[in-house]
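As given in TrEMBL:
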type	residues	note
DOMAIN	60-499	domain 'Major facilitator superfamily (MFS) profile'
TRANSMEM	63-84	transmembrane segment
TRANSMEM	104-121	transmembrane segment
TRANSMEM	133-151	transmembrane segment
TRANSMEM	157-180	transmembrane segment
TRANSMEM	192-213	transmembrane segment
TRANSMEM	225-247	transmembrane segment
TRANSMEM	310-332	transmembrane segment
TRANSMEM	344-362	transmembrane segment
TRANSMEM	374-395	transmembrane segment
TRANSMEM	401-421	transmembrane segment
TRANSMEM	433-458	transmembrane segment
TRANSMEM	470-493	transmembrane segment
COMPBIAS	504-513	compositional bias 'Polar residues'
REGION	504-533	region 'Disordered'
COMPBIAS	523-533	compositional bias 'Basic and acidic residues'
Amino acid sequence: MDLDDIPQPNPARLSKIYRYICLRGRERKDLLTPLLTENSTFVSSLVSYHCISVQKARLTFSALWCLYFLTSAIRSNVGLALTMNSSEHDTLIEYLGLTSHDTSLGLALYYVGYVVFDVPFNLIMTRIAPHAWISRVVTTIGIVGACMAAMKAAWSFIFLRLLLGIMTAGLWPGMAYYLTLWYPPHRCAQRIGFYFTAAQISAAVVGLVSAGFQYMNMEKGLTGFAWMFLIYGLVTIVVGIALLWWLPDRPNLGQGPRAGLRRLIPQQRPVLDEEDFKLHFADMKATYVAHAWTLKDIVKVLLDVRLYPLVLMYFGVVGTGIGLQNFATVIIKSINPSWSSVDLSLLTAPIWICDLIGILIVTPLSDRFHNHRAIFFSGPSLIIIAGLIVTTYAPTHWSRYAGLLITGLGLGPTVPICMTWTAEIFQPRHGEVGTAVATAVVSGLGNLGSVATTYALYSGWPADVKRGYRYSNMVMLAMVGNSILFAAVCSLLRRALGDPMTREQQWAQQHSVQQNREEEEENAAKQAEEMYF
């Protein structure tokens, strides 16, 4: 089935029908066929498109959400461990004898490993079954996370953080690439935002649950943070193995020959039947270009000047987000030193709830008005700046804490929008390898911002402790301002260089040409009739 073979109404009517279907979630054709009876075949096709969209969501989102929840928990729980059980002197810092340099080095090396291996690991995913590679990533993250429960010295903390970063490399851009196998890039921001909410909910839940882990301190000889590392790690290992059956492979009709290592991967039934696959292909064929890539293709992506403004956008917002995530309890402690370690754990959760609210509000609007990504990126970035100013200079404890909530609200949508914009720009022009390389480069090089904030700011800047981390906050403010600047640069470059038209734009152009031709023929007929009579 192809949209070209279906009688088509004008674009405005198409938009209304599609919104009607999507907003009401109707999957029964008999409820919708009375609409536009003269185009009942077209309406039926739109309903089928909606049904296959619902099916694809069911196949992918629950698994992506769960795996990102757990891997985010393992990545971020170290920030809570820095202050857990402080009254018993069993914090991660005191138990391992970490200096401020050791702490900042361990936190930063995670992102060094991530940056170095992000692109090659993401390219591997384009060559093999993507669900199997994601399963490998999640399982090894769980193994390293569980091993962190056995840390006894500073060197083990530094080594395991580096190893965790290497194991995590390729996960976030790989998930974005995997999603573009199922959806056109211009419809991905809300969907990436959906599973990105797992990170925010994870941060909130980890903050709340860590209060309980503190009451397990020295049970069976393990500290509270060791119990936290161990349990999250074991659960993640189980989920990582389960992904081999849970997460679908590529959306194709059948499996190819199972040779070599592929024979070790559990065989799945095709997730789409023949009719559904035709609908999926019709939905994707304007943007999905599947071919064997070469080194020349990678070089073309790396030489595309639109890539590097996206990297610098990501640098600022992700560096600020990771800085806040890793040092949230440290920042809150500086606001009011009398708050206990349990108070600190509980006070981190609302920050990420605000982050979640920002995602749910902004990312759907960003998809709806996808030609204005720069506005939907810059608006939340300005909210981040406002929050950092409030948390730095407000006069009271609670007003400064409210500044952290404002910062969280702005942070939420920025990363999903940046990744979606990357896929939206590079997939139509460079195909599958463009998405894989561009998202990995943006995520990898952009995370140098995380290296900067975790190594050089807060605990890594001892002189700033007496200032209540004011200078650290202002450095992050400048980083976000830099992101806004390069969002404008990216938008200008995109307009100047242009993009290949999407399927919808091609169809609208063809329809406009056809409509103009019909009008010209009608006018010519009228003129001929007037002349004849």
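Just so you know, glycine gets a Cβ as well, placed from its N, Cα and C.
Most Cβ pairs under 8 A with the transmembrane segment (133-151) among the ranges 192-213, 225-247, 344-362, 470-493 are made by 225-247. Proximity of the transmembrane segment (344-362) to the transmembrane segment (63-84) is established through 3 or more Cβ-Cβ distances under 8 Å for residue pairs spaced 6 or more apart. Summarising model confidence by region, the domain 'Major facilitator superfamily (MFS) profile' (60-499) averages a pLDDT of 84.
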